[in-house]
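To start, the structure under review is shown below, and the notes come after it.
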Amino acid sequence: MTVAIEKPEKTGAVEPPAPARRVRTVNRGVVVAGILLVWLVLFAVLRGKQTLSLAAADLTDLHRWFNDVNDSIGANRNSNPLFLYFFNEIRLVIDSLVTFVQDLISQPTPGRPVPQVGWLGVVGVVGYVSWAVGNWRVALLSVAGFTFLGLQGLWQESMDTLALTLSAVCVALLFAIPLGVWAGLSDRVNRIVTPFLDFMQTMPTFVYLAPLTLFFLIGPASATIATTIYAAPPAIRITAHAIRSVPQATVEAADSMGATRRQALLKVLLPMSKRTVVMGINQTIMAALAMVTIAALINAPGLGATVIQALQSLDVGTAFNAGLAIVVLAIVLDRVTTAASGRAETARGSDSPFLKWRRQLLAAGAVVAAVLVYLSHTYIWAAEFPGEGGVGSGIARTAADVTTWAQDNLSGLTNAFRDVLTNGLLNPFQSLLTDSPWWLVGAALVAVGTVLGSWRAGATTLVCVGLLVATGVWSDAMTTLASTAVATVLVMLLGVVVGVWMGRSALVDRLIRPSLDAAQVMPPFVYLVPFLALFGATRFTAIVAAVVYAAPVAIKIIADGVRAVPETTVEAATSTGCNTWQIITKVQLPMSKGALTLATNQGLIYVLSMVVVGGLVGAGALGYDVVAGFSQGQLYGKGLAAGLAIVLLGVMFDRITQAAARRAGA
Amino acid sequence: MARHWRAGAAGLAVLGLTLTACGGAKVGDDSAGGSGSSGGSGKCSTFNLAINPWVGYEANAAVLAYVAEHDLGCKVEKKNLKEEIAWQGFGTGEVDAVVENWGHDDLKKKYITQQKTAVDAGPTGNEGLIGWYVPPWLAKAHPDILDWKNLNKYASKFKTSESGGKGQLLDGDPSYVTNDEALVKNLKLDFKVVYAGSETALIQAYRNAEKNKEWVIGYFYEPQWFLSEVPLKKVSLPEYKEGCDADAEKVACDYPVYKLDKIVSAKFAKSGSPAYDLVKNFTWTNDDQNTVAKYIAVDKMSPDAAAKKWVEANRDKVDAWIK
């Protein structure tokens, strides 16, 4: 962790234009180095003592207590009024919502071998809606995208996934938008809500999948609620942010004209933040799609189930084909919502000649869409996607061939790379964390947090360290911390290299960005098998998987940061005779220090969210504990504790890096 | 203006489609004869079958589902669930049957003895072998490795970046029954248990090991489709005797042979559904299961097609289940 946090500070140290700050930064660097030195010395003396290690099958009292709570919920679910009148009702409502959408587009309804609306109708409606809320370009994209899903031979699976995603997003927005508005209007609500949102986003979903089926039974309701819990926070956060960023002057103007609070909200705040709120909806949709594979473990139908089933027989091709369908869905939904948020902006104030025709055109489009829906309801050829999905099997074959080729030809190289990094960096660092006495590691973390962040960050770290010890999985948490730190270093290396490249060239940006989007949305389960072949069942495989997932975020943030450096500054540096290397290291990177710290923060959080996936491929530690808790009743409590430990690590990292970012920005 | 024109063209195209479509087959034209008809022996309604995530289980489930659908006229609802969650479903009526259970004494105690929501529906006929396996090339090159007493001799060969200087013993999915940590300690082996974390990871490790002649030893089990691709060899541990695994800390013997069995919900057992009789009567051999599992995993047939192929070739066995 220390290594990761130091990264942006180091670049700060070479910053020439601010000598005064430089002195302070160096001092801070010296202090951190001092802390590390003391730690190393004490480590050499006290190695192996008070490490709080716990064997894979051992439990603490806390873990047993969690088990008992879980069991008693299960035993009382048929008699407890809370279940009979509250949870069961919620389940009923959500179940009927999902079933309704499924009947509409994906599942055969009673008396019909096909859903109410067939593929032609869905494609027509999707195209029409994209055109109405966005523009004809995204309409074309969504028609092409949805047709491609059919050609892949995954029409029904895709529609199941779409039905589940849409239901979850609807339920999430029902709560998220009002809550976000409230948090935007009131600082106190915002302060109360934020920790809950952190919790919802960092708690591994595996931890609450099993309890959810206790509360809401096996079926679409549990899958939808699991997805909702994970997907709602971005919408809440972004809505609150949108409301907050409406200029104060505008609000005051409304007030002075005698608008009531309600009027100010409905006529000023909401319309002005519409664009950002739509971006929040966009993020919620993306998060919901990311849950598709995991929800398949509790019988959510759709593409996730295809991925999981393919993995049982290590069928990379089929898993990739289904993963690609998820990516296509994500890209279509992303572009449509992005275009929709842009439309809100352009529609206001523009008076293009088409505007007066727009109403008629919309009506004509609606008629066309209605005809397509009717056709797909009535005729088999429009209801069932024609063909055998030959494109899909072609994709599957190619993916399998590429994987086999890579496995056969690269594994020597990748194994060498793995061994160098594991023995040179990961193992020493991990033994420093796991073999030091717990109080020494804790003290070092608090000290580093205080020095790099602030007193408040130090205090938060202290609380987190205390709670980590209480979870009983301290040793595992330290193992995970070591891998997380190494992964974050790699993420930042990639982020700086690719980010700067993209930030400096619009062409490179356009070429690379789609693969970044794909890497973020492609379910990690798909690339686990090839990675396992390349790197074996090791901690390193988990690190690589985490890097693939987390690097795109860091790259995007850094690219934006580099691009935000004023053109004039770069030109001035060029005119003084700086070469490209100097411009990058002396001007562009130092000036985007805020972006670098933010990238570290987000990179760490994304890496942490892959800890559980890492547990499936040999990373052990917290990830394994969580998966074990999901799989074995008597380990449930331990899995829950491990999940809490991941949340605590996340909170600790987040507070330290944010405090450091504030300091860097000041 | 251009946009207006475009919409007009689209409208014309749709009109054209509508006209040409009139000759197409309508939904519902022939659906009466297909699914939904209950031609079988009457009162079999919905049969909720849990699908636990491994191919061997899927083979059992596929054949049972096929027979239930085609011979008994049941409507089979397959539910993809991990064991723990599947057992939870017995109580709530969401799951009727789990058709390949490995031990799980803790779950049996909780759901059969205490909550009484589940009952035992007898063995599947499959014998589950758990143990330590090595890739075939290794067993051939060093035959004495198949005896645990010689493992320490080779320990250094099994070293990896994960095993901290000792030999690596690779364990798999956390839901497996395992005593391996205790075994390593009590047999005084110079090995460290490393958790691969999933069956996928374990199989991939063995696949690589056989292909690249790498040294791998780890946990595995039969019946398993992967053995038809790479016939792993089992290492013999000290012989299992009744009760030698009673104390989890002190285990120093091999795993017992598991009689795999079927668990059904108490409600389902009393329902009088022909599907229950089918589940109860269902037994077959490891070879049978491996055949179907191979159709699914290696030949990439759909579970339903794989089941059809096996059922048609083994009509006599199937008839004995539903007589």
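Keep in mind that glycine also has a Cβ here, set from the backbone N, Cα and C atoms.
What TrEMBL says about a protein is an automatic prediction, not a curated fact.
Per TrEMBL, the feature domain 'ABC transmembrane type-1' maps to A:158-337 (among others).
The feature domain 'ABC transmembrane type-1' is assigned by TrEMBL to A:477-657 (among others).
Summarising the annotation, TrEMBL assigns transmembrane segment to A:29-46 (among others).
Residues of the same chain lying 6 or more positions beyond the ends of the transmembrane segment (A:138-155) and with a Cβ under 8 Å from any Cβ of it are 119, 122-123, 126-128, 130-131, 303, 306, 321-322, 324-325, 328-329, 331-332, 335-336, 339, 385, 387-393, 395. For A:138-155 (among others), the entry in TrEMBL reads transmembrane segment.
Taken from TrEMBL, the feature transmembrane segment applies to A:162-185 (among others). Tertiary proximity for the transmembrane segment (A:162-185) is limited to same-chain residues at least six positions away from its ends with a CB under 8 Å from its CB atoms, namely 94, 97-98, 101-102, 104-106, 193, 220, 223-225, 227-228, 231-233, 235-244, 265, 269-270, 273, 277, 280-281, 284-285, 288-289, 291-292, 295, 300-302, 329, 333.
Panel annotation: around the transmembrane segment (A:205-232), residues 70, 73-74, 77, 83, 87, 90-91, 94-95, 97-99, 102, 164-165, 167-169, 171-172, 175-176, 284-285, 287-288, 290-292, 294-295, 297-301, 612, 626-627, 629-630, 636, 639-640, 642-643 of the same chain, lying at least six beyond its termini, place a Cβ under 8 Å from a Cβ of the stretch. Annotation source TrEMBL lists transmembrane segment at A:205-232 (among others).
Sequence-distant contacts of the transmembrane segment (A:277-298) (same chain, at least 6 residues past either end, Cβ-Cβ under 8 Å): 161, 164-165, 168-169, 172-173, 176-177, 180, 205-206, 209, 212-213, 218, 222-223, 226-228, 230-239, 242, 270, 304-305, 307-308, 326, 329-330, 333-334, 337-338, 340-341, 344, 520-521, 523, 525, 630. The annotation transmembrane segment is assigned in TrEMBL to A:277-298 (among others).
Positions annotated as transmembrane segment by TrEMBL: A:318-340 (among others).
Annotation comment: TrEMBL describes A:361-382 (among others) as transmembrane segment. Sequence-distant contacts of the transmembrane segment (A:361-382), counting only residues of its own chain at least 6 positions beyond either end whose CB sits under 8 Å from a CB of the stretch, comprise 114, 116-125, 127-128, 131-132, 354.
Under the heading transmembrane segment, TrEMBL lists A:438-469 (among others).
Positions annotated as transmembrane segment by TrEMBL: A:481-504 (among others).
What TrEMBL records for A:524-551 (among others) is transmembrane segment.
Annotated transmembrane segment per TrEMBL: A:603-623 (among others), in sequence order.
The feature transmembrane segment is assigned by TrEMBL to A:635-653 (among others).
When each of the listed stretches A:481-504, A:524-551, A:603-623, A:635-653 is scored by C-beta pairs under 8 angstroms to the transmembrane segment (A:438-469), A:635-653 comes out highest. Between the transmembrane segment (A:524-551) and the stretches A:481-504, A:603-623, A:635-653, the greatest number of Cβ pairs separated by less than 8 Å involves A:603-623.
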